[in-house]
Amino acid sequence: MIKDTRLILALDVTDRHQALKISQDVKGYVDAIKIGYPLVLATGKDIIGEIAEMVPVIADFKVADIPNTDRLICEQVFSAGANALIVHGFTGSDSLKTCVEVAEVHGADIYVVTEMSHPGALDFMQKVAEDMAQLASNAKVAGVVAPATRPERVQKIRSIIGNDIAIISPGVGVQGGSAADAIKAGADWVIVGRSIYLADDPKKAAMEIAKEIKDAIDQ
Ligand code: XMP
């Protein structure tokens, strides 16, 4: 993934026309667009390729199954045109290895969830987040997903994975996280959904967050 604005749009709209319009509008201001179940279930998997023609697509399906089923899912997602896929790590090293193998065949990337950005992540996920980060690092994935809502956890996860793999960080804006703080804590990219796609002018909103990120880096 190119590292330019260091901003990823989470495009959780359910209308095909709106999704394509926003993708066109923010092109050049985001490095990737993350799409998931809301958009794909509403419009069909062809939307993956349609958006990927404009901006690289990260498919957020949080894949979590046995290796054979993971393989079947990965093949569908990458054949549809996704450049990257988010998967869970708790299913273990064999499931993750399968996802990485299929991604390699397609020249695509895998990102592994560590600790999610919402409060409920403290119930179970935080206890194993550091193990997930280590697992992801061992599997040589492209990166992990870590919470912008807890910059200190981004920093901790960075200390575990080192600088060889990336951190993409959701939770900015509506969930309360700050793009600047996440970047300063060690995130390579921040992921922003509602603060951009619900804005009156999504392009302007994306530009403002990209500027906040640039200012944080330049400090
Ligand atoms: P908002 O609207 O809150 O959207 O900016 C955030 C987007 O990111 C997803 N999300 C996560 N994905 N690990 C993930 O893999 C996480 O910890 C996480 N937290 C939020 C969310 O589904 C939405 O698309």
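A Cβ is built for glycine as well, from the same backbone N, Cα and C atoms used for every other residue.
The feature active site, for OMPdecase activity is assigned by TrEMBL to Asp60, Lys62, Asp65. Among the features that TrEMBL reports, active site, proton donor is placed at Lys62. If you look up TrEMBL, you'll see Asp12, Lys34, 60-69, Ser117, 170-180, 193-194 marked as substrate binding site. Under the heading domain 'Orotidine 5'-phosphate decarboxylase', TrEMBL lists 6-209.
Features as recorded by TrEMBL, highlighted on the structure.
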residue : record                              : CB count, 10 Å
Asp12   : substrate binding site              : 17
Asp60   : active site, for OMPdecase activity : 27
Lys62   : active site, for OMPdecase activity : 15
Asp65   : active site, for OMPdecase activity : 16
Ile66   : substrate binding site              : 12
Ser117  : substrate binding site              : 22
Gly173  : substrate binding site              : 22
Gly177  : substrate binding site              : 25
Gly193  : substrate binding site              : 22
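A Cβ distance below 6 Å to any atom of ligand 1 is met, among the recorded positions Asp12, Asp65, Gly177, by Asp12. For the recorded site, Gly177 (substrate binding site), the DSSP three-state label reads strand.
Separation of the C-alpha atoms of Asp65 (active site, for OMPdecase activity) and Ser117 (substrate binding site): 22 Å, rounded to the nearest whole number. Rounded to a whole value, the Cα-Cα separation of Gly173 (substrate binding site) and Lys62 (active site, for OMPdecase activity) is 22 Å. DSSP assigns Lys62 (active site, for OMPdecase activity) to a strand in the three-state reduction.
Asp12 (substrate binding site) carries neither a helix nor a strand DSSP state and counts as coil.
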